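K.L.:
Supplied in structure tokens, the structure appears directly below.
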Ligand SMILES: Nc1ccn([C@@H]2O[C@H](COP(=O)(O)O)[C@@H](O)[C@H]2O)c(=O)n1
Ligand SMILES: C[C@@]1(CO)OP(=O)(O)OP(=O)(O)OC[C@H]1O
């Protein structure tokens, strides 16, 4: 078994939230306008940022966001999920890695997110220090199987900064 650090590491994360009326719907740091429902969550419920932060952590076997931001802690109620992503990114950078590219899939029946694709990719790229071309953003419906549900799945490739 090699003792050298791997030049590349793959991370994967996913997150799901129930949707209910009267809640904001925020995905990838972008508020979705005119959504008739939003995420029920302890934080702001951004399933895209939660999955992305978990993907970063998993690539280096650093656990998951619930360990750093327990949903039982009153201090994290209503938390802006960009804070969660920034913490995960710091932990990855401290270990000598940076994200190189990201692929993200949001499953949501309504509303249509296509018009927000560029804004979400641009926002995620900014938060990660990447070019928008390194951030793939896909949308899927559940074909009516989970209309009150938002789910995001993310893969990330990490590379060593000294590699
Ligand atoms: N909330 C969503 C979900 C899907 N889209 C786009 O619709 C197309 C078809 O999706 P299927 O799940 O039926 O394959 C696809 O091009 C998605 O990008 C969307 O914009 N918003
Ligand atoms: C973000 C945290 C903490 O506020 O809570 P939620 O917003 O409920 O989100 P979830 O993706 O279920 O898990 C991580 C939690 O620890």
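Yeah, the Cβs are placed from backbone N, Cα and C, and that goes for glycine too.
What TrEMBL shows for this protein is this:
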type	residues	note
BINDING	15, 17, 50	divalent metal cation binding site
BINDING	15, 16, 17, 42, 43, 64, 65, 66	4-CDP-2-C-methyl-D-erythritol 2-phosphate binding site
DOMAIN	9-148	domain '2-C-methyl-D-erythritol 2,4-cyclodiphosphate synthase'
SITE	42	site 'Transition state stabilizer'
SITE	141	site 'Transition state stabilizer'
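Provide an account of the burial state, proximal residues and distances for the features listed.
P.N.:
The Cβ of residue 15 (divalent metal cation binding site) has 47, 48, 50, 51, 54, 151, 152 as same-chain neighbours under 8 Å, each 6 or more residues away in sequence.
Mapped onto three states, the DSSP output places residue 43 (4-CDP-2-C-methyl-D-erythritol 2-phosphate binding site) in coil. Using a 10 Å radius centred on the Cβ of residue 43 (4-CDP-2-C-methyl-D-erythritol 2-phosphate binding site) and all shown protein chains, the other Cβ atoms total 21.
Applying an 8 A CB threshold to same-chain residues 6+ apart, the list for residue 42 (4-CDP-2-C-methyl-D-erythritol 2-phosphate binding site) reads 71, 76, 77, 79.
Look at residue 141 (site 'Transition state stabilizer'): DSSP puts it in coil.
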K.L.:
Per DSSP, how many helix, strand and coil residues does the domain '2-C-methyl-D-erythritol 2,4-cyclodiphosphate synthase' (9-148) have?
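P.N.:
Secondary-structure breakdown of the domain '2-C-methyl-D-erythritol 2,4-cyclodiphosphate synthase' (9-148): 52 helix, 35 strand, 53 coil.
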K.L.:
Excluding 15, 17, 50, please set out which residues of the same chain place their CB within 8 Å of the center of the CB atoms of the divalent metal cation site, keeping sequence order.
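P.N.:
Going along the sequence, the neighbours appear as 14, 16, 39, 41, 45, 46, 47, 48, 49, 51, 150, 151, 152.
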K.L.:
Would you mind ranking the binding-site residues 17, 65 by how many other Cβ atoms sit within 10 Å of each Cβ and giving me the lowest?
P.N.:
17
K.L.:
Among all the protein chains here, how many other CB atoms are within 10 A of the CB of residue 141 (site 'Transition state stabilizer')?
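P.N.:
The Cβ of residue 141 (site 'Transition state stabilizer') has 13 Cβ neighbours within 10 Å.
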